């Protein structure tokens, strides 16, 4: 015979199952909110990385022509290269600055508010780069690229923060994959628009660089229709009514009690604690492994060899007999490959979990580093060898998209609670941009010295990161932020107790 308590428990179980069934598929409003946040966020990052490749010759001709009109002489090849390098690399400096201020802005103006304000940098950049040709001022290109970097730096810091906080726990990984999907989508879009059939012709380069304003306008039109992060509203602002309203819109149902309880527990644990600054995370012993993890993962995301693969693509395609005029179209294929993998990762992440995907990705990348080194070393051994190299290029890109490319940003969201998450994104973003800058500066020298054997360096990095994740990072799938935080703390306590036991044993065994 069932008691009243048993009946209530069964009712709760059934309600929990019903809730699980409902959140297996995301609500339409949640999907649209993800798209609205990403189109002006990480899409801009990917788009502005790839869009600058197509007009290289055209912009250099413009600089040379402007220099001739100003000084009645041609610019030296060395100084032209320096100016072009500044136009390209200033993007990473802007990105670093954007990452360092993104977390602070997200605390002060909210996640959605910061994303909206961030579009001002993209619009200003588009205006400056568009004016550079009619005014004859190539310096505006440098300033414009700097502001696109600031826009991308803030976007890649705040947008994953927003996605991780608006998604239900069971869909957090899949929704957060929007970051990776839109980065790769931005890269692919930039590659396609840069083709000569569209805006890749010499006379179209000012329009091409101005197109960065289009995603900004789209976000300004669409994002206001969606709510602020419910976690931010409840925990940071204490707005319970606004939180419930936002959750109802994003979940498409009034049945969000479990998610609301998780937020309430996190809010109670954060009472009296102000949002932390980046340097406070370094001083907090309970967060040392989380901080170390995001530093390693964000550095490895740039230093794992993906940039080297893209550096070698043109050479590999030429060796395979692909005509120079067709190489841009094959390069579009690499962008499509990475985009497809990000979509695949989004579908698998809630099934396989974060840990399996990221360890598997790094392991596969290590394997393809070995294969690519061998195929490049024996490139002349047979007519089929260049095609093996092409296969390695696509396989490496697929492996990157399956693991490190997709999961890194999600872990930055999940390893921290509300008060420390913005600062964690500032640290991770800064490390990512610094690593991006360093690899851009150092990689040409590595290639010159080691040639194809440079991939052995990336092999070691990939293996070490995979081992670290296996030993240190717990699986975060379907866990609350507090549960993940507690799991790290319990790991520290176990290590501390072992360390305490060690000295006592030594003292007892020491002869008097």
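Positions of Cβ are set from backbone N, Cα and C atoms, glycine also.
TrEMBL: automatically predicted annotations, no manual curation.
Not measured: the values here are computed from a predicted model.
Listed features, source TrEMBL:
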| type | residues | note |
| --- | --- | --- |
| TRANSMEM | 30-47 | transmembrane segment |
| DOMAIN | 34-477 | domain 'Major facilitator superfamily (MFS) profile' |
| TRANSMEM | 83-107 | transmembrane segment |
| TRANSMEM | 119-136 | transmembrane segment |
| TRANSMEM | 142-162 | transmembrane segment |
| TRANSMEM | 174-193 | transmembrane segment |
| TRANSMEM | 205-226 | transmembrane segment |
| TRANSMEM | 356-378 | transmembrane segment |
| TRANSMEM | 384-411 | transmembrane segment |
| TRANSMEM | 423-447 | transmembrane segment |
| TRANSMEM | 453-473 | transmembrane segment |
Per Cβ pairs under 8 Å, the stretch of 83-107, 205-226, 423-447, 453-473 packing most closely against the transmembrane segment (30-47): 205-226
Contact ranking winner - 83-107, 205-226, 356-378, 423-447 against the transmembrane segment (453-473), Cβ under 8 Å: 356-378
Most Cβ pairs under 8 Å with the transmembrane segment (423-447), selected from 142-162, 356-378, 384-411: 142-162
Positions on the same chain near the transmembrane segment (205-226), where near means CB under 8 A and six or more residues out: 29, 32-33, 35-37, 39-41, 43-44, 47-48, 51-52, 54-55, 58-59, 62, 112, 115-116, 119, 122-123, 125-127, 129-130, 132-134, 141, 144, 148, 151, 193-194, 199, 249-250
For the transmembrane segment (356-378), sequence-distant contacts whose Cβ falls under 8 Å of one of its Cβ atoms, 6 or more beyond its ends: 297, 300, 304-305, 309, 312, 345, 348-349, 385-386, 388-389, 392-393, 395-396, 399-408, 411, 451-453, 455-456, 458-459, 462-463, 465-466, 469-470
Candidate ranges 83-107, 142-162, 384-411 - greatest C-beta contact count to the transmembrane segment (119-136) (under 8 angstroms): 142-162
Cβ-Cβ under 8 Å with the transmembrane segment (384-411): same-chain residues at least 6 beyond its ends: 156, 160, 164, 172-173, 176-177, 179-180, 183-184, 293-294, 297-298, 300-301, 304-306, 309, 312-313, 316-317, 319-321, 333-334, 337-342, 344-346, 349, 354, 357-362, 364-365, 368-369, 371-372, 375-376, 378, 473, 476
Intrachain neighbours beyond the transmembrane segment (142-162), with Cβ under 8 angstroms and 6 or more residues off its ends: 37-38, 40-42, 44-45, 48, 52, 83, 86-88, 90-103, 105-106, 111-112, 114-115, 118-119, 121-122, 124-129, 132, 176, 179, 183, 209, 212, 216, 229, 409-410, 412-413, 421-422, 425-426, 429, 432-433
Within-chain partners of the transmembrane segment (83-107) [C-beta distance under 8 Å, separation at least 6 from its ends]: 45, 48-49, 52, 56, 59-60, 63, 75, 114, 117, 121, 138, 141-142, 145-158, 161, 236, 275, 278, 422-426, 429-430, 432-434, 436-437, 440-441
Average pLDDT across the domain 'Major facilitator superfamily (MFS) profile' (34-477), rounded to a whole number: 86
